[in-house]
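Only one structure is covered here, and it is reproduced in the block below.
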Amino acid sequence: MKTVKIAHRGERVGYIDAIRGFAILLVVLGHILNIGTGNYDENELLHRIIYAFHMPLFFFISGIVSYKKTEVWTGMYFMKFVKRKSLVLIVPTFVFFVLAMAIEHKNISEAFIEGGVGRYWFGQALFQMLLVYGLISWISNRISTYLLMPLLIICCLSRAICLFVDEEPLLYRVFVSREFFMNFYFFVFGLMARKYHGTFTKMIESSNIRGWALVIFMGFLVLVYQEWMPSFAIKLSNQLFLRISGVLLIYCLFYHSQKYL
């Protein structure tokens, strides 16, 4: 198979855009099942499949398109980076949040303290991930060129916090910490997939990777419905293995279908 390179700044890659479109369709379908039908039990399996990987898929692709090999992380560049991302992510998030609260006749400050930006969490969570990435990149440029290790440490800590913390104090809600911790490692995986594109592409082009991803996904999907499974094992399977295998499976399918896109 002919390898298609990841695009440089300003360029587009067909299968990456196709994955984005597919993820958007999954979000719409998930909301229809969750809100439109009002019958969660009837659609539980499909709901679980969709919610296993549709948002992690967004963050994985966001990581891929965020990494730029040519970027030089000076202090000035970091400040411009934060300003640019604030305008495209934070401002729209809070504008829609304020408008929604006004339409629903809710007190804006009370609603924010109670649940943060609520259903508009994606933009804020992605901004915080980009902020962490930019900050570590800037520090790495000044002190060390090794960006991988601190990101992986934060990634591992994010999973541990998400799995063991059930209470949501004020700051935890305001900074959409649960959503951040649940998805940050997918953003990091996307960064690493872009940074080490050659190695990642060889893995994706392996004839066995799609089959293994499908087997793992279906296997853990079956396990989460077993009554004998401990609750922690179900949570781990649902939030970790299903998500990783689902994202990998969808990426593989679109990558190998790029000649049709």
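Just so you know, the numbers here start at 1 and follow the chain as drawn.
Note: Cβ is positioned from N, Cα and C throughout, glycine not excepted.
A TrEMBL annotation is a machine prediction, not a hand-curated record.
For 14-251, the entry in TrEMBL reads domain 'Acyltransferase 3'.
Annotation comment: TrEMBL describes 12-33 (among others) as transmembrane segment.
Away from its own ends, the transmembrane segment (45-67) comes close to residues 6, 16, 19-20, 22-23, 26-27, 29-30, 33-34, 122, 126, 129-130, 133, 183-184, 186-195, 217, 221, 224, 238, 242-244, 246-247, 250-251 of its chain (Cβ-Cβ under 8 Å, at least six residues beyond either end). The annotation transmembrane segment is assigned in TrEMBL to 45-67 (among others).
Cβ atoms under 8 Å from those of the transmembrane segment (87-108) belong to residues 117-118, 120, 122-124, 126-127, 130 of the same chain, restricted to positions at least 6 beyond its ends. TrEMBL lists 87-108 (among others) with the feature transmembrane segment.
For the transmembrane segment (120-139), the residues of the chain that approach it from at least six positions outside its boundaries are 55, 58-59, 62-63, 66, 71, 73-75, 77-78, 81-82, 85-86, 89-90, 92-93, 96-97, 100, 147, 150-151, 154, 175-176, 179-180, 183-184, 187, 191, judged by C-beta separation under 8 angstroms. Annotation source TrEMBL lists transmembrane segment at 120-139 (among others).
For 146-165 (among others), the entry in TrEMBL reads transmembrane segment.
Residues or ranges marked as transmembrane segment in TrEMBL: 171-191 (among others).
The annotation transmembrane segment is assigned in TrEMBL to 211-228 (among others).
Positions annotated as transmembrane segment by TrEMBL: 240-257 (among others).
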Sequence-distant residues near the transmembrane segment (240-257) by C-beta distance (under 8 Å, 6 or more away from its ends) are 1, 15, 18-19, 22, 49, 52-53, 56-57, 60, 159, 186, 189, 204-205, 209-210, 213-214, 216-217, 220-221, 224
Which whole number is the mean pLDDT over the domain 'Acyltransferase 3' (14-251)? 80
